[in-house]
Amino acid sequence: MENSCIVLDPNATCVLTNNERQFKMLNHTVDDSQVRGHQRVPSDTKEFHEATKRDALLRLRKDLDNLLQTADDAKKPILQKEMCGFEALFHRFLQEDGPSVEWDRIQKLPQDAVKDYSSLKTPQESEIRQMLDKLVVIKLNGGLGTSMGCHGPKSVIPVRNDLTFLDLTVQQIEHLNKTYGANVPLVLMNSFNTDDDTEKVIRKYKGFQVQIYTFNQSCYPRISRDSLLPVAKDFNIENDIEAWYPPGHGDFYQSFQNSGLLKKFLDEGREYCFLSNIDNLGATVDINILNRLLGDDRQGDKPIEFVMEVTDKTRADVKGGTLIHYENKLRLLEIAQVPKEHVDDFKSVKTFKFFNTNNIWARLESIDRVLNARTMNMEIIVNNKTLDNGMRVIQLETAVGAAMKCFDGGIGINVPRSRFLPVKKTSDLLLVMSNLYSLKYGSLVMSPQRMFPTTPLVKLGDNHFSKVKEFLGRFANIPDLIELDHLTVSGDVTFGRGVSLRGTVIIIANHGDRIDIPAGAILENKIVSGNMRILDH
């Protein structure tokens, strides 16, 4: 079987066969009979780099062809599509020099670019069902729980009342469907890391009033930083899992279309998808935002094609992506795109007031149009890694929000902080397990006893608290955090039952020492250090 693959234009179709490719290569070679040896001029630096890039792309193509020959015949068509996507990404990586944004060309955000959430209208209850039936909820479910010391998908880590991220998500959608008599489907974008385990877990939701669909994002080969060639030797991914990676959530659009689900939902008459990280417990379906897109709050003749939920940036969020106006379009600016001399400007809370929550609303018809026109062009994130065997590799990734510039009529909505509640570390887990929140139909609601709308800033030492099992073993039960502003814990520290933390609390156990906070203790604006150990007798 001859494998087709992409031509040098990254937006071109995968149509070249090996024979055609060789013919094109011959047409690009120089006729030696027309070149006299002594007249040859060494290529300058630019020509040298161009030649090495051309060589790298041709060698990569050959390696990808060889990889495809090792795949099962039944899987070859879909794998071929994925490798064409990878080759296009690799080609753009070779072509792009320097930051993708010229700092001086960043424009001030237009006045109406970011709508304030408080300006949105709540729809009539009689209209909600009709709007919900035009919606698809998509959760990014490709991540593992390894950073928190857990095996399997991150979405199956218990976060509250023994309920996992996935349990809470299913509860939320089922509550919507039952309350309004709607049929909102839940779609999970898995990776090759999470697919098998997720498929086993979702069987338990068969009796729920939620239709669950899954699809896999692409699986790309890691590239050696030295040779710029794939590390993988064959398509037996499970045997050499370190040689492969899921290429970031920007891969959602193409994989969603490739899966056939985009067409299915368009055929059903659905109009928008709401997409978010499954570990963001604040990312629930918002009726007011939906009303802005589909209901009586819709303004103007042109539909909004893309919405990015942003929230006010604090000093804890200085590395998060922000919304900018560039080349007369709204787009996402990530810290990786910022020239080194402007990183401090990027981190400024005054200059860039918002940051991206990664809660995205997109029009399905527009996703289909942009993909078919091959104008989806997201900035490449180069992720450097070192494998267990010491090999240095690169992963080429994209971010889902970076597609904003490819759509027409995009807006930002400045949402309350409560819609951004990610659980990335055990310090986040401490907050969502505490009495700061109550659980209502799968959604976390902040306690009315909390005097401030913001959550406390919590820093737990990596050595003793980073893994979920060890973290849980250090608390007899989760302390009262209602009046907490800031907590820092470092070293070998344990907490007894019924502890209350208020104001700013800093607990530091010196190396070799241990601190046991006794049951019932109330720590308010306290620094505890040294050695305080309670022994049984």
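The backbone N, Cα and C atoms fix where each Cβ goes, and this holds for glycine too.
As annotated by TrEMBL, UTP binding site applies to K154, Q217, G248, D279, K424. Here TrEMBL flags H249 as substrate binding site.
G248 (UTP binding site) counts 23 other C-beta atoms within 10 Å of its own C-beta, drawing on all protein chains shown. The binding residues for UTP are recorded as K154, Q217, G248, D279, K424; their greatest pairwise CA distance is 21 Å. Within the same chain, the residues at least 6 positions away from K424 (UTP binding site) whose Cβ sits under 8 Å from its Cβ are S147, D279, listed in sequence order. In this structure, the CA atom of K154 (UTP binding site) is 15 Å away from the CA atom of the residue listed as 'substrate binding site'. Just so you know, the Cβ of Q217 (UTP binding site) picks up 27 other Cβ atoms within 10 Å once every protein chain is counted. Counting every protein chain shown, 24 other Cβ atoms lie within 10 Å of the Cβ of K154 (UTP binding site). In sequence order, L140, G142, M189, Q217, N277, N358, T398, A399, V400 are the residues near H249 (substrate binding site), counting only same-chain partners six or more apart with C-beta under 8 A.
Its own atom aside, the Cβ of D279 (UTP binding site) has 22 Cβ atoms within 10 angstroms in the protein chains shown.
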